[in-house]
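The structure under discussion appears below in the form of structure tokens.
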């Protein structure tokens, strides 16, 4: 078993991160496997070295050890572009210049409605024809979307998390209708979470992806990309989320739950485990 924890250095780690990291770490160790660490820093406007240093320190304080070097997405941008080039040459991605406002206006037209998918409003396809690759055209420096009508295939994945345990089938008609043409590269990043995460999990040999249940609906996108790119499909384990007193999912802006604050108040790693039920 190979698991991983993949935080973004865009703010302090909180109790929810501690739960995710400890769960992935302990699952791998209990199975005699490997636990890997990846820094997801493709959001170059928000990722900061000081947050990375803090999260590494917090993980060590929790007693979490990882195998091998830390993988940083910022070091892998050429590999993401290479995958996009291959998809572009196959006619599976297209250029999109729509703003968020454009998409909202098109999707709310009476004849369209506004269906919601894992990434929000399902893209209405405004740029699908005009943005498609032309013979000899280089990969454009715009947002790039996946042509789900060409990419989707009958497939599925195994889920071991408590809320969704079992085999989940993925059907092309559902992907086209309920997910749509997702963004694979944002103009300002040159990639996206969806593309990077599947390439990185394959590169690191991850066999079991553990993550919060808020990402369960995105798994169909990731498995579709894995099939499309000839990558292995791992087992998925989506766990429950740590929530605040009002029942809201913790976010990095919830500084009251930051691990650094608990540490400053004298909490021990064992105290953190008790707080999160591990």
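Note that Cβ sites are derived from N, Cα and C of the backbone, with glycine treated the same way.
The L-glutamate binding site feature in Swiss-Prot is assigned to 4, 5, 6, 7, 8, 40, 193, 211. Of all Cβ atoms in the shown protein chains, 23 besides its own fall within 10 Å of the Cβ of residue 5 (L-glutamate binding site).
As annotated by Swiss-Prot, Zn(2+) binding site applies to 96, 98, 123, 127, with the evidence given as similarity to another entry. Within 10 Å of the Cβ of residue 98 (Zn(2+) binding site) there are 19 other Cβ atoms, across all protein chains.
Sequence annotations record features per position, and here Swiss-Prot assigns ATP binding site to 252.
Note on the motif ''HIGH' region' (7-17): mean pLDDT across this stretch is 93. Under the heading motif ''HIGH' region', Swiss-Prot lists 7-17.
The motif ''KMSKS' region' feature in Swiss-Prot is assigned to 249-253.
In the three-state DSSP scheme, residue 211 (L-glutamate binding site) falls into the strand class. Annotated L-glutamate site 4, 5, 6, 7, 8, 40, 193, 211; additional same-chain residues within 8 Å of its Cβ mean position, judged by their own Cβ, are 38, 39, 197.
Here the Cα atom of residue 6 (L-glutamate binding site) is found 30 Å from that of residue 98 (Zn(2+) binding site).
Residues 97, 102, 103, 125, 126, 128, 131, 143, 145, 181 surround the recorded Zn(2+) site, their Cβ atoms falling within 8 Å of the Cβ centroid of 96, 98, 123, 127, which are themselves excluded.
When the binding-site residues 4, 211 are scored by other C-beta atoms within 10 Å, 4 scores highest.
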